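J.: I have a structure I would like to understand better, so I am pasting it below and will then ask my questions one at a time.
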């Protein structure tokens, strides 16, 4: 089996973590100076690995294998949340660069090359998965002026960052890109708790978001007897408690939900809450399961409308369809892990990734390494060195397995790797 | 029975409502220009009624019956919340001025006079019940510089309003002031719903305020399985629902409570709430009942500490002792209502009033007129004209009853009214 240089992987990750370093964590929001400096450095790393690298109009760093007519596209994103950790998407970008480097040095004439990408703004300073959306042709021309952060449009921010004109976008090429593979930290506790090395992602959960609004009356909390109140706050509390019980009944084993935000008006100690707004988010790999949970939510809202003399209204705020990973790619990653004695599990991704966008267009696979204590998007985010090393090797081995698989389908006369 | 001029009462209330008028409501926060203009006008009204009137260092308008060695102190407050209604405390001040006017004209040599007061800042721009606290000697010298609104200290605001120096405070005189009586709108729905004319206040509920803090962990709401969460939000919701059930068990018939504010950190849709802060306020006429409810709250917090892997901490934020009204004054007001064929009920005051301060020092009585639909502290606050007229008459009759009662205890040789 071909060995990659896992020490180099760790060193590259640590050098990348210096861009925007904040203690143990990093601050590299999209198009910030530190983000752009990191991207220029990554482009240089890709060039050193033998790729033709450039930075496109939204900040995507894209490194192509010269000479190859077909390629596996690999990578992730190198931007971070403002108080982020050092790994997150950076891990997948560095795993990709290492894979491309070894690939180029070992098989310089391989018919299937490795193209590496670091997508821009996965974290959504301007738009969640901005870079991969643009790469997939899903960024509308109008969004350059419509998307903004702190009063600066995407168009202006990109120009200020020295990026080329909006026409100059790197694009997915279905003739060239046989598949997309992404490595990422899990960002959750499952692998860590189970003591496993590798997560083979079966799909990325979809997400439905709702706002439940409870409308009561703002009465004096001293003078209004309990039975005369229209208490929107208590109505919201009871709703959430009952809603959770129903989600447990109708959801699947991996379904998750969250009541992450609640706001009272007027929200003061001595006034009965007039309005309560409750944010409800639910996720699952299956649209059917999400539809079942949504129906339970709507039914509960209808049942509770008028209870406690409080009106209930439910509004859908947003939805993302789940994405399935390609079964052959899952199998290749699983076999690669097995061959390296890596313990592993198949698991859904509850978080959104660039792979969610790519999966709509090309066969896509994803691999997780454990997050210590499940932490991410915080400076304490970390993964054991041995998991970083094993992950990089398994990812490389998986790519080789996938390339072999596709090679069998290529026209005759193409040289084997 | 002596008739007061109820038309004059209504006219005086309407003229007072022009100060700081905002549509149907008024805006007269303490020491604002409109509040001070209203106070100067009220001082003039008191003088016309035959009183020696002045405005003291905190803005209290105090009108003394000249010649009398003893007096019933009557009144309320004429400041309002920023978007207040036209009645609130203004009603009690105007009822008091009318009573004093008739009293002076009918019994100029009565040994028990009527002193009228419009307390400053009952609504608490600088301090809740500021004027009555100062009047009762409960304002510390240090508070002149410690209390502030929008960066301006009470000392500065009083000077800017043209008030005399801080030494020049009108003061409760236990030798002179035999009792304090206050009329006010109910500010709640009980009289209006019951179709009654007059509320005889038996006491003013005390209030205990707590903050319950739930401490969990901020995890990604997509990647963290439900059974691995430390969800401070759901812990708070369940706590409030169960807490209400226990308050119903241990509270008295008139006990009230409110979960008026809740705050999540970080409070975003896709992060499991790390911290939830829940404000709990409870009120009752009895310290014992409040203590029982407080114990139930503390027991629940102890039981729930650690449930859902969330810590619970309970902190007392403030407390006001309940105040009992004087039973003889209650009886006098009740008899006065009965004599005018007024339907009535004995009831607690859930709201705080200047009477709460006075009751610590002199026998105190309070009377409510109905608030239409229970509304107050809003421009739609209103009371039917017939209730205003009946209330003013009953209040006057009650004062006469109270004066007779005290007269029986005065030294011999004092002339009867």
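From the backbone N, Cα and C atoms, a Cβ is placed for every residue, glycine too.
TrEMBL does not curate its annotations; it predicts them automatically.
Annotations for this protein, taken from TrEMBL, read as follows:
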type	residues	note
BINDING	B:77, B:88, B:184	Zn(2+) 1 binding site
BINDING	B:88, B:123, B:377	Zn(2+) 2 binding site
BINDING	B:209, B:270, B:283	allantoate binding site
J.: Fill in the CA-CA distance, residue B:209 (allantoate binding site) to residue B:377 (Zn(2+) 2 binding site), as an integer in Å.
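T.: That comes out at 21 Å between the alpha carbons.
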J.: Can you name the binding-site residues among B:77, B:184, B:270 whose CA is within 10 A of the CA of residue B:123 (Zn(2+) 2 binding site)?
T.: B:77
J.: Counting Cβ neighbours within 10 Å across all chains shown, tell me which of the binding-site residues B:88, B:123 comes out on top.
T.: B:88
J.: When you tally the Cβ atoms that lie within 10 Å of each candidate's Cβ, which of the binding-site residues (B:209, B:283) has the highest tally?
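T.: Counting Cβ neighbours within 10 Å, the top one is B:283.
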J.: Tell me which of the binding-site residues B:77, B:88, B:184, B:283 ends up closest to residue B:377 (Zn(2+) 2 binding site) in space, Cα to Cα.
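T.: Result for residue B:377 (Zn(2+) 2 binding site): the nearest of the binding-site residues is B:88.
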J.: Might you list, by sequence position, any residue in that chain lying six or more from residue B:184 (Zn(2+) 1 binding site) with a Cβ less than 8 Å away from its Cβ?
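T.: Looking at Cβ-Cβ distances below 8 Å from residue B:184 (Zn(2+) 1 binding site), excluding near sequence neighbours, one finds B:76, B:88, B:89, B:91, B:92, B:353, B:366, B:367, B:368, B:369.
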J.: How long is the line from the C-alpha of residue B:77 (Zn(2+) 1 binding site) to the C-alpha of residue B:270 (allantoate binding site), rounded to the nearest angstrom?
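T.: Pair distance, Cα basis, whole Å: 48 Å.
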J.: Starting from the Zn(2+) 1 site formed by B:77, B:88, B:184, give every other residue of that chain whose CB sits within 8 Å of the mean position of their CB atoms, in sequence order.
T.: B:76, B:78, B:87, B:89, B:90, B:91, B:92, B:93, B:122, B:185, B:353, B:354
J.: Give the residue from the binding-site residues B:77, B:377 that has the most other Cβ atoms within 10 Å of its Cβ, counting over every protein chain displayed.
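T.: That would be B:77, with the most Cβ atoms nearby.
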J.: Near the Cβ of residue B:270 (allantoate binding site), how many other Cβ atoms are there if near means within 10 Å?
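T.: Around residue B:270 (allantoate binding site), other Cβ atoms within 10 Å: 20.
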J.: If proximity means a C-beta under 8 angstroms from chain A, which of B:88, B:123, B:184 count? These are the binding-site residues.
T.: none
